[in-house]
Amino acid sequence: MLPETLSRRSVVLLFVAAAALALPFADIAPAGHDPWAVLGRMARGALSPDFGAVDRIGRALWLTVTFAIAGVAAGAAAGFVLAPFYGARPVRALCIALRSVHELFWALLLMQVLGISAATGVLAIALPYAGIFAKVFSEQMDEADPAPLAALPPGTDALSRFLYARLPVIRGQMWTYTIYRLECGMRSSAVLGFVGLPTLGFQLDGFFKLGDYGAASAILILYVLLIASLRHWMRPRLVLPWIAAALVSVLMVRSPPMGSGALWRFLSQDIVPAPLRRGEGAGAVWDWLQPLLTGQALPGLIATLIVGQIALVLTGALAFAASGPLVPRVSGRIGAAATHLVLVILRSLPEYMLAYLFLQVFGPSMLPAILALALHNGAIIGHLTGREGAALVPGLRRDAPRGLSLWGYELAPRLFGPFLALCLYRWEIILRETAVMGLLGVATLGFFVDMAVAELRMDRVLVLLVATGLMTSAVDALSRALRRRVGRAPLRSGAEGRGGAAVEMAADRTA
Amino acid sequence: MPLVALRDEALGYGAGAVLRQITLSVAPGERVVLLGRSGAGKSTLLGALHDRIVGGGHRVALVPQDHALVPQLSVRHNVLMGRLDDRSAAYNLTSLLRVRSRDRAEIDAILDRVGLGEEAPRAVEGLSGGQKQRTALARALYRGGAALIADEPVSAVDEGQAGRLLDEMSAAFGTAILALHDVGQARAFATRLIGLRGGRIAFDAAPGEIGAGELERLYAA
């Protein structure tokens, strides 16, 4: 279907053209009220953070950290157990299913069974992360140096082989990846607050409803500092104390009791398609499914693709523009530091939270989602591209130019390949996040999921989640095919050539 | 008034100096060739001389040993890069989209002189080793200046071509400091030969004053 090789230019043109085609169908007009007045109030709040509500801020941040630690620890443990069996088809299928559902969607599902409880929060992170950890750990095991394994005495049992010749070899990589995942978990955990869990999102929403922008600013500043300093407060020897503290504080979260038998009712009735539940036979299932697909899944899919496509192109433009000023020899030491600071903030705040903030400014439309996705992902790709650029500088000739000429001639041509690969890699992630932004009211797939949840029609929720999963895996496959065709342009770390973990971390590491 | 003067200096990276007690000055109009086995410190000395001459406010054209070309850009753009510092960033950025016809004519004339006229629009990554080397040389010719500093600038081209390119270099630059490994080429090009051995200057004289024995000792194990 695709030609053997594609020039980078034609891929860029293809994506820009698709975004241009999507633009007329995108609803991006700011809704109604005057955005500048709100923006002004928010800016004043941001510039005068108010740390007075210390108890509420402290509690929300503490629970954000502890939910993240508990969820990531559980996910890592489950993934570690599953990893050696990842080659088995059923295990692999289970892991793919687990990670194809976004944390927020998991939370919505789990709430039907467990209510707004600690278990819901922890599992909403742990379940998808288990699927991801299993895949990454298994890749790390497969790619580990085989020499120590070959040197073992013949007849060594499988567990000993693993514990002596495998685990020690990959322990460092596993730790690095887990720390990276904890950083993602901090974002997931914060965002879970927007569906009712007592983490940062919940408190932020509370501050906004009261118009308390100073407190909102304070909590966001502390949150960014927490993420930026993660490698200092999470160290190998502190893991067990942290997990213990996380479990205790998570278990102390009070939640309304659920009626008994909620899980059984969920599995045996709620998610069974309505016609089957009513005993109307298989023929009626199509009559039930067809309007669901054409009336909800399809429009949701189209809206998701429209928002995602525009956001992707904007992401690329922002990232490319930001990566130059990140190099001190291009923009000067102060310019580079200022760019770096802005990008750190944009990378630390999850897309969903940024979209929530923009929603307060611009009102409901596709605009907040597009801006949030583009700024967050643009900051990540810009950071990585700029870092590669800065690493190129010492190897340049002695008489290399400075400023924009350096950027335009020496750096940008060399960085364009890796930059494009990163954008293609982020494409699937952007679409996944676009789908979930429907929970904020944009008519992407998540909007219809949210509606079905509100109507307690879990059978429909299931169909919509499957549709979302199919969309992201199709885009993932297409992105992989495109990346192969524009040729290998590995990062300095050679990430593209190695396993998924390296690419993934290279593609969206924050700190 | 010499172009550059070093007095009893240690040169090299960090603590482990490659060259010690280097005393040497180069006057305008000299054509100096550095000789010595690989690792003798020729590149280090060239780098130091480059920085010193530039620091003295002179314009220098440089051909580094690894060429330092941008593989993704065309030959013409790579040559244009020799004068980026003469122009505003806006000028340079628009040149990326389209090289102005005035610049194009000048660059293409230089490319003709080094035998790359046909390759001007090609990306450097598709060139042979010799073509890349000539592109780096063309960039230095396009830059021009008081002095040329070139590290093995003709190592990848055949002998006949090397001779012509060296002639181009001596015609274009008043002063030139080169590292070469071909003694014949060095004798033909230089007004002065400097031999490096064991981290020190082994000889420093006109080609006619240096005998075969001295050269043999320079390269002996």
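Backbone N, Cα and C atoms are what each Cβ position is placed from, and that goes for glycine too.
Annotation comment: TrEMBL describes A:1-22 as signal peptide. Per TrEMBL, transmembrane segment is recorded for A:60-83, A:104-132, A:213-231, A:238-255, A:297-320, A:332-349, A:355-375, A:429-449, A:461-482.
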Spatial neighbours of the signal peptide (A:1-22) far in sequence, C-beta under 8 Å, 6+ residues away: 305-306, 309-310, 312-314, 316, 416-417, 420, 424, 481-482, 485-487
Whether the transmembrane segment (A:60-83) meets the transmembrane segment (A:429-449): three or more C-beta pairs under 8 angstroms: no
Non-local residues, at least 6 beyond the ends, that sit with Cβ under 8 Å of the transmembrane segment (A:104-132): 67-68, 70-72, 74-76, 78-79, 82, 94-98, 181, 185, 188-189, 191-192, 194-197, 199, 250-251, 253, 255-258, 262-263, 266, 270, 352, 436, 439, 446, 449-450, 453, 456, 458, 461, 465, 468
Highest-contact recorded stretch vs the transmembrane segment (A:355-375), from A:213-231, A:297-320, A:332-349, A:461-482, CB pairs under 8 Å: A:297-320
Cβ contacts the transmembrane segment (A:461-482)/the transmembrane segment (A:213-231), at least three under 8 Å, sequence gap 6 or more: no
Stretch contact, the transmembrane segment (A:429-449) with the transmembrane segment (A:297-320), Cβ-Cβ under 8 Å, 3+ pairs: yes
